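Listed in TrEMBL for this protein:
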type: TRANSMEM; residues: 6-25; note: transmembrane segment
type: DOMAIN; residues: 10-92; note: domain 'Prepilin peptidase A24 N-terminal'
type: TRANSMEM; residues: 72-90; note: transmembrane segment
type: TRANSMEM; residues: 96-117; note: transmembrane segment
type: DOMAIN; residues: 128-219; note: domain 'Prepilin type IV endopeptidase peptidase'
type: TRANSMEM; residues: 129-149; note: transmembrane segment
type: TRANSMEM; residues: 155-177; note: transmembrane segment
type: TRANSMEM; residues: 198-224; note: transmembrane segment
type: TRANSMEM; residues: 230-248; note: transmembrane segment
Amino acid sequence: MILHLYALCLGLCMGSFMNVLIYRLPRDLSIVRPPSHCTSCGERVRFYDNIPVISWILLRGRCRFCSSEISFMYPVTEILTGVLVWYSFYRFGLTAQFIHAVLLILVMVSAGLADLFSALDTESFECGIIPDSLIVFGIGGALLMAYIVREDVRFAVYGAAVGFMALFIPALLYRLIRKREGMGFGDIKLVAVAGAFLGVKSIFFVVFASALMGAVIGIIWQFAARKRDIMIPFGPFISAAALIYLFFETTMDKLLYGI
């Protein structure tokens, strides 16, 4: 029981760190300096105001110094990551597979939310950013875990290559036919990261499930915004599909491949 609590706390702390990545990396800011501070008044956040979830509740979602609003997405990200890391420990135990899952969670949640929030910062809702540093970290982590878990880095290399081409070719054809971008290059690289972690078999599910989720949300958004031609960030759907496959790989493989 105590190990499950540790796993949950690890996830909450990871979520707090990922909030830094999500905010700073798309803006090309250092994740080290300056230390955590209020983005409105610039006052440094005290350590007792930086406790995941709890501090946000005690502060009632406001800065201690200037009373500016602290986004509710900070505790949401922390809770989401905490639950995902705890569930990874529940599923895989204290094994290399658990570390593999934690790395994938870190990359996918950070990349998906960075893409979403950077798009929300623009009026057009079309300029989401998936930081290259997360992609590089993800590929490196996937190669390392493929060597540790499977003793064969080709698992990650083949998965990344197939994942990249699975979206690159359709995106290229769309651009040639429609004379405009249909998908950001960051999305293509993110699928490559998913493939590197999860293998070639995962690619069809990740692409299909993310496209399906994106289509449903896109249709709803079109009706809500009353616009026919609208683009939405694809990164969050790729991340969600990759994490679904991570936890339900056997079920997904049976549904798709009968194995």
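Cβ atoms here come from the backbone N, Cα and C positions, even for glycine.
Between the transmembrane segment (129-149) and the transmembrane segment (72-90), the number of CB pairs under 8 angstroms, six or more residues apart, is fewer than three, so the stretches are not in contact. Confidence across the domain 'Prepilin peptidase A24 N-terminal' (10-92), taken as the mean pLDDT and rounded to a whole number, stands at 94. With DSSP classes pooled into helix, strand and coil, the tally for the domain 'Prepilin type IV endopeptidase peptidase' (128-219) is 76 helix, 0 strand, 16 coil. Counting residues 6+ beyond its ends, the transmembrane segment (198-224) has Cβ neighbours under 8 Å at 104, 155, 158-159, 162-163, 166-167, 191, 230, 232, 234, 237-238, 240-242, 244-246, 249, 252-253, 256-257 in the same chain. Among residues of the same chain six or more beyond the transmembrane segment (72-90), those with a C-beta under 8 A of the stretch's C-beta atoms are 3-4, 7-12, 14-16, 18-19, 22, 52-53, 56-57, 61, 98, 101-102, 105, 109, 113, 117, 243, 247. Within its own chain, the transmembrane segment (6-25) has Cβ neighbours under 8 Å at 31, 36, 39, 50, 52-53, 74, 77-86, 88-90, 102, 105-106, 109-110, 113-114, 117, 131, 133-134, counting only residues six or more beyond its boundaries. Residues 139, 142-143, 145-146, 183, 185, 187-189, 191-200, 202-204, 206-207 of the same chain lie 6 or more positions beyond the ends of the transmembrane segment (155-177) yet place their CB under 8 Å from a CB of it.
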